[in-house]
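Starting off with a structure, shown below.
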Amino acid sequence: MFKVKFADIGEGLTEGTVAEVLVKVGDVVKEGQSLYFVETDKVNSEIPAPVAGKIAVINIKAGQEIKVGDVVMEIEDGSDTSATSEPKAETKSEAKVEVVEENASVVGATPVSNDVIVRKQTTTVNKSSTIKATPLARKVAADLNIDLSLVTPTGPNQRILVADIKNHQASSTQLASQPISQPAPTPSPSAHQTIAPTIKVVEPSAPLSWDEVPMNGVRKATVKAMTKSHTEIAAFTGMKNTDITETHKMRTELKDHAAASGIKLTYLAFIIKAVAKSLRDMPNINVRGDFANNKIQFMHNINIGIAVDTPNGLMVPVIKGADHLSVFEIAIKISELANKAKDGKLTRAEMTEATFTVSNFGSVGLDYATPIINSPESAILGVGTMSQTPLYINGELQKRFIMPLSMTCDHRIIDGADAGRFLIKVQDYLSKPVLLFM
């Protein structure tokens, strides 16, 4: 009998939460086949079987907290029944690791937008992208062409599991096979009639009551990161309206050309390129503080994090070496990383080592905000909603495209004057976007 223990999957974790058990007692499994899905404050991972055999004992269930070293299952593999073998060392490399976040929560839960939202613009939201489901459940639903919004979740935090997909399929098949009886006609309400919604009435004198939901790994990391940022960083925010009319014109001219090559050219791509070039011009913004040793670290790399809202929580994938990429290449990276984040396929390497973050809260209609620094970085740029504004240019009233920018900095190592100069530098690049291609 082989005892399967919950092992450290390579991130120094000590505990996790079982999101879904993928097998049942009596199942015959192959080596490497996924046994269960676990969430931690660092990663999501499907844990594979270290040996082949029949599932004899299952000691876990969805929603259960487990610690490293706990025996989660026992597999009949033909070995000595007294054996207490640990999972094979290869398990760490075989485990399919999917990053949830690393300090991503401190940016704020704003969805990534491939376009900066223009005021009064109407957007369509994909409902399935807002539904909580495990990556495996999403894959099964896609294979079976099942709409996730129609599936009843039974997992922790109202998350859809593979079992829910199968139950939905079974019930749909059963309903389809039943004869359809003609219902008795019911009078339709007149145009002046309204149907009152069902309202749960609570007596005013009733004591305060509430529902409790355990925090998942993403929320635990959010609590830790936001507490760290607000208690340790002396943050200040500077704001500036930026004229991006010329960037708007250039994007309009190049958009179809980029689309012909399969590239979605976005405002965000121009902004990230402008930020990267500005960081190269002003290395005193691209810094971290080693406060224990009273030193300032001037980062050699320019790696830009972008906030992405996903069904599993907020993630901040990183565009590494953004200063060496063209606007078109950055646009490709934005699409690739955003899609991988939403599909739960980001690697830890794609979620770490950011030196500066861009948060596009304009995608939810905000003009200004005070974005929270993603520690250990020292600054973050927030992008507001773009609007068309009449401005006097050389004595002539013109229609201009204005984008509000909000930049939060760690005042311990970045002075307010330098933050202002940086915003002006970004504005200069966006007002003369040809410089971004040089």
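Glycine too: its Cβ is placed from the backbone N, Cα and C atoms.
As annotated in Swiss-Prot:
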type	residues	note
ACT_SITE	H411	active site
COMPBIAS	172-181	compositional bias 'Polar residues'
DOMAIN	1-76	domain 'Lipoyl-binding'
DOMAIN	132-169	domain 'Peripheral subunit-binding (PSBD)'
MOD_RES	K42	N6-lipoyllysine
REGION	172-192	region 'Disordered'
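Could you give the neighbours, burial and distances for every feature on this list?
For H411 (active site), the number of other Cβ atoms no farther than 10 Å from its own Cβ, over all displayed protein chains, is 14. In the three-state DSSP scheme, H411 (active site) falls into the coil class.
Residues in the domain 'Peripheral subunit-binding (PSBD)' (132-169) partition by DSSP class (helix H, G, I; strand E, B; coil) as 23 helix, 2 strand, 13 coil.
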Can you tell me which parts of the same chain pack against the domain 'Peripheral subunit-binding (PSBD)' (132-169), counting only residues 6+ beyond its ends and a CB-CB cutoff under 8 A?
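Hits for the domain 'Peripheral subunit-binding (PSBD)' (132-169): 17, 19-20, 22, 34, 37, 44, 46, 62-63, 98, 213-214, 216, 311-312, 343-345.
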